[in-house]
Ligand SMILES: [Zn+2]
């Protein structure tokens with residue numbers, strides 16, 4: 001690992017993270033993610049470029065709008081920071097190449113889907129559609145550079161069908177948005193890792209669901225979105241999938 005590339009990956013990740021914040025905030029409201037430019041949600045003043053440096057601007061401004069002093073939610077710099085860290089992990093795990101770009105795209109889209117699902121319990125076709133198209137674009141690239149693509153097609157189809165069957169059998173618990181999220185994971189992770197991801201998602205979902213019920217935060221009838229569990233499971237799979245399978249199989 002080259003430390004300079006690592007730093008570059010982190011900075012790039014925080015910049016993308018700042019854009020993901022915009023997507024997470026605006027897509028559920030049906031607003032454009034490009035227009036209008038970033039502004040304070042309280043006083044509506046346009047935010048100057050020098051106040052839009054990821055993470056750093058938040059610290060310099062001590063978490064408040066430069067003009068009206070309204071508090072900026074901590075989740076903005078935190079998400080920028082986490083995206084930066086994830087990009088460094090991707091670089092450490094996959095080096096420089098097509099996989100680096102592929103997983104940066106995958107993780108970014110999954111962050112947006114997971115965060116929106118977590119906050120609103122809704123999944124938007126705008127985000128899942130982007131994920132599915134991105135997955136197909138990478139398959140086309142893989143095909144042209146001579147890499148195998150069958151596993152990704154099988155992964156996408158089987159994950160989507162699997163969740164769809166659960167919905168049809170249980171008539172609830174999961175939504176069609178989960179089918180789309182699983183399909184994206186399959187297209188990006190391939191068959192073997194998608195199976196691992198689904199397995200992890202159910203375990204994480206069961207454990208967290210049980211903890212929430214035991215703590216009295218949710219009752220058994222409450223709806224807990226499954227999307228965020230798929231997202232967490234897919235991140236574990238990207239970074240630890242190979243180790244988990246090696247450990248499990250040998
Ligand atoms: Zn303001």
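Quick reminder: no glycine exception, Cβ is built from N, Cα and C everywhere.
Residues or ranges marked as domain 'Prepilin peptidase A24 N-terminal' in TrEMBL: 11-94.
Taken from TrEMBL, the feature domain 'Prepilin type IV endopeptidase peptidase' covers 104-210. Secondary structure of the domain 'Prepilin type IV endopeptidase peptidase' (104-210) per DSSP (helix as H, G, I; strand as E, B; remaining residues coil): 92 helix, 0 strand, 15 coil.
Taken from TrEMBL, the feature transmembrane segment covers 6-25 (among others).
The feature transmembrane segment is assigned by TrEMBL to 74-94 (among others).
Beyond the ends of the transmembrane segment (123-145), by six or more residues, the same chain brings 23, 27-28, 98, 102, 105-106, 109-110, 112-113, 116-117, 152-153, 156, 175-178, 180-181, 183-184, 187-188, 227 to within a C-beta distance below 8 angstroms of the stretch. Residues or ranges marked as transmembrane segment by TrEMBL: 123-145 (among others).
According to TrEMBL, the feature transmembrane segment maps to 151-169 (among others). Residues 135, 138-139, 142, 175-176, 178-180, 182-195, 197-198 of the same chain lie 6 or more positions beyond the ends of the transmembrane segment (151-169) yet place their CB under 8 Å from a CB of it.
TrEMBL lists 181-214 (among others) with the feature transmembrane segment. Sequence-remote contacts of a segment are chain residues at least 6 beyond its ends whose Cβ falls under 8 Å from one of its Cβ atoms, and for the transmembrane segment (181-214) they are 102-103, 106, 109-110, 113, 117, 123, 128, 131-132, 135-136, 138-139, 151-160, 162-163, 220, 224, 226-227, 229-234, 236-238, 241, 244-245.
Feature annotation from TrEMBL assigns transmembrane segment to 226-249 (among others).
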